[in-house]
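One structure below.
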């Protein structure tokens, strides 16, 4: 018979480390349905009958954050056979606050006091048997990081689960409170099991507005609340909270002996330097430069080049041994079996090239993910949020948004994926929507092409591209935070900073792999499909009256070219109504570096250098500088490549939000390009027309959206129904 | 006085936690309860890092203004 054990504890108490140590590779990682809270389930090493559920880190069973709602709904509805409550031994007082609530759920609880190695090192003493006696649950000590005591803890939890005996209620509130609680318990309907009555009674007294959704019939307890509030001269929720802390203080007094006088911990000492008001920003800049230099430029570029030009290119050499690239191998194999030309085209130019272009970024992403995992696990990421928060808060983003954007300047895909570290739903969605505005590595050739062909290589074109990207982020942040979709959840800045510690290599690598693998799966599905479709559109068409496959130079006749002709008028107000430019922008959806290659083919040059130097003259002759800049701006801001769109879809975890993000980016790109072209033409050539009027109207509308007043909502909306459904 | 005015390193007793209901509850869950001790570890641009119940918590200035200590 299978046994279900839930891991519950505060954020940063070592819960995930314990989960990884207990389950090894037997994990299933996903999201709680309907919400973007991560759900992790696994089976105990060496005992497949034991299912272990890693609940999100929470401070309380109150209904104020999505994580709390998800965790408590799971505990109430699914009723795991036992709970392992992980408690940070170095911060036991605050951690016990959650424990007192978990014990009231009527589920057997095993308390695992974690970080015992650190507690012992500091000379502090915890009296385990006394703690167990005072709390009324079994207590054991572990070190999740070192792996000591964890299997014993799991065995004891399984034994508890099989015994099916809930912890006895040792904790008694003050007499007055206790009397009222008993009265409320008696009012509860028969649908609430006896052992859960205490939990529901407390929640009802606390005026918890979401608990009613878990009950068939909600008794009216307003009289009891009023009586208690009058008697204690405080609101019931504060009464209960204070009662819990008084109880915890009495336990701590008996069970916990501090070694010496209050001294600064190592973490405090590090924080004195790292979050110092003068040193914080320079230190942060140095850390970011190192991350950027290694993962985006040096090692990252090397890894990407190796993957793109070697593994997915002509081949690479390993200690002098020539290893052919995958396309070469596939081509050889296909030729050997006498494969049809069109199928070879599909496999080589479509699938291998398309998916390869995306997978080529994997090595670079893995390097980056190692850094991110390390920064997260050691505790610095939380400080980054703290340092950057005041700046980013001004335009509706959080301090943690900085990291995705920095990474996005290398590649938008890991950039969007890095937004995972942002817990706040609103901030995360906003970050996902704006990260790809930062010019990524693949957009640089477009910038080089336009700068070279139409601006004589002017120095200011490239910086202006970054400026456009940053301005788009800031303006989008301000505009979006004033919309209804992003209203609600005021999210004041309150967050716990975990103690600094050296993460284990295993945990860092695991975190890297989880992110990398989820991306690769995406490349295998949605990206595969879209590359096939685009390949088809590009390589087939009508030539000389018959439909058939085309050579690369005959792109003019392809279905895509026909589509380009349809879309071209749409781009006329932007100054580049030529179907060639429209097609170039569309092929940019596969990968932005394709834009330059496509323009090359369309202007009759089969192979162009990365910056397209061969076609500069032709391009300059075909469009004005203003139109070219408008084309550049559109490509910088519009929907990113398929790989990045896949990442956006995954991180949004909601199809509506995905389309909203893509739609917003494209509309913004169109509007800004239109303004650039029309106003640019007015200034340079004095051209005035309907387009100019539209451009000015757009500018006015934009200014209105930026400066209109708005009221921050005061309520935190948690979709309880959805969260509850997700658990069932 | 509000927590935002407190000098670094000095332990202070919390008198009252104000602010919006949700935020107040969240702070209480994090250990900011009346009668508890709180120490400012460092501050940067008005945001604070404080030590409360052995945990380090970062809070924004607007929140720090609503926690009264004495």
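Including glycine, each Cβ sits where the backbone N, Cα and C put it.
Note that the structure is predicted; figures quoted are calculated from it, not measured.
As annotated by TrEMBL, domain 'FeoB-type G' applies to A:2-163.
Positions annotated as GTP binding site by TrEMBL: A:9-16, A:34-38, A:54-57, A:114-117. In sequence order, A:57, A:88, A:379, A:496, A:498, A:499 are the residues near residue A:12 (GTP binding site), counting only same-chain partners six or more apart with C-beta under 8 A.
Per TrEMBL, Mg(2+) binding site is recorded for A:20, A:21, A:23, A:24. In the three-state DSSP reading, residue A:24 (Mg(2+) binding site) counts as coil. The Cβ neighbour count for residue A:24 (Mg(2+) binding site), using a 10 Å radius and every protein chain shown, is 13.
Taken from TrEMBL, the feature transmembrane segment applies to A:278-303 (among others).
For A:341-359 (among others), the entry in TrEMBL reads transmembrane segment.
With a cut-off of 8 Å between Cβ atoms, the residues of this chain six or more beyond the transmembrane segment (A:365-386) that come close are 12, 267, 271, 274-275, 280, 284, 287, 291, 294-296, 299-300, 303, 398-400, 402-403, 407, 410-411, 413-414, 417-418, 421, 495-503, 507-509, 511-512, 515-516, 519. Look at TrEMBL and you will find A:365-386 (among others) tagged as transmembrane segment.
As annotated by TrEMBL, transmembrane segment applies to A:430-454 (among others).
What TrEMBL records for A:460-480 (among others) is transmembrane segment. Long-range contacts of the transmembrane segment (A:460-480) within the same chain, counting only residues at least 6 positions beyond its ends with a Cβ under 8 Å from a Cβ of the stretch, are 395-397, 405, 430, 433-434, 437-439, 443-444, 447-448, 450-451, 486, 632-633, 636-637, 664, 668, 672, 702, 705-706.
Same-chain residues lying 6+ beyond the ends of the transmembrane segment (A:523-543) with a Cβ under 8 Å from its Cβ atoms: 345-346, 349-351, 353-355, 358-359, 549-550, 554-555, 557-563, 587, 589-590, 642-643, 646, 649. Residues annotated as transmembrane segment in TrEMBL: A:523-543 (among others).
Marked as transmembrane segment by TrEMBL: A:555-576 (among others).
Residues or ranges marked as transmembrane segment by TrEMBL: A:583-606 (among others).
The list of residues near the transmembrane segment (A:626-645) in space but at least 6 beyond its ends in sequence, with Cβ under 8 angstroms from a Cβ of it, reads 357-358, 361, 412-413, 415-416, 436-437, 439-440, 442-443, 446-447, 450, 453-455, 461, 465, 468-469, 472, 522-523, 526-527, 530-531, 571, 574-576, 581, 585, 588-592, 595, 619, 658, 662, 665-666, 668-670, 672-674, 676-677, 680-681, 684. What TrEMBL records for A:626-645 (among others) is transmembrane segment.
Marked as transmembrane segment by TrEMBL: A:657-679 (among others).
Sequence annotations record features per position, and here TrEMBL assigns transmembrane segment to A:685-707 (among others).
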Long-range environment of the transmembrane segment (A:341-359) - Cβ separation under 8 angstroms, sequence gap at least 6: 307-308, 311-312, 326-327, 330-331, 334-335, 413, 520, 523-524, 527-528, 530-532, 534-536, 539, 549, 590-591, 642-643
Additional residues around Mg(2+), ordered along the sequence, whose Cβ is within 8 Å of the centroid of A:20, A:21, A:23, A:24: A:18, A:19, A:22, A:25, A:26, A:27, A:42, A:45
Of A:9, A:56 (the binding-site residues), the residue whose Cβ has the fewest other Cβ atoms within 10 Å: A:56
Residue A:115 (GTP binding site): tally of other CB atoms within 10 A of its CB: 25
Whether the transmembrane segment (A:430-454) meets the transmembrane segment (A:583-606): three or more C-beta pairs under 8 angstroms: yes
Cβ-Cβ under 8 Å with the transmembrane segment (A:685-707): same-chain residues at least 6 beyond its ends: 475, 478-479, 482, 573, 671, 674-675, 677-679
Taken over the domain 'FeoB-type G' (A:2-163), the model's mean pLDDT: 88
Surrounding CB atoms that lie within 10 Å of the CB of residue A:23 (Mg(2+) binding site), all protein chains: 21
Pairwise CA distance, residue A:115 (GTP binding site) versus residue A:23 (Mg(2+) binding site), rounded so that it is a whole Å: 19
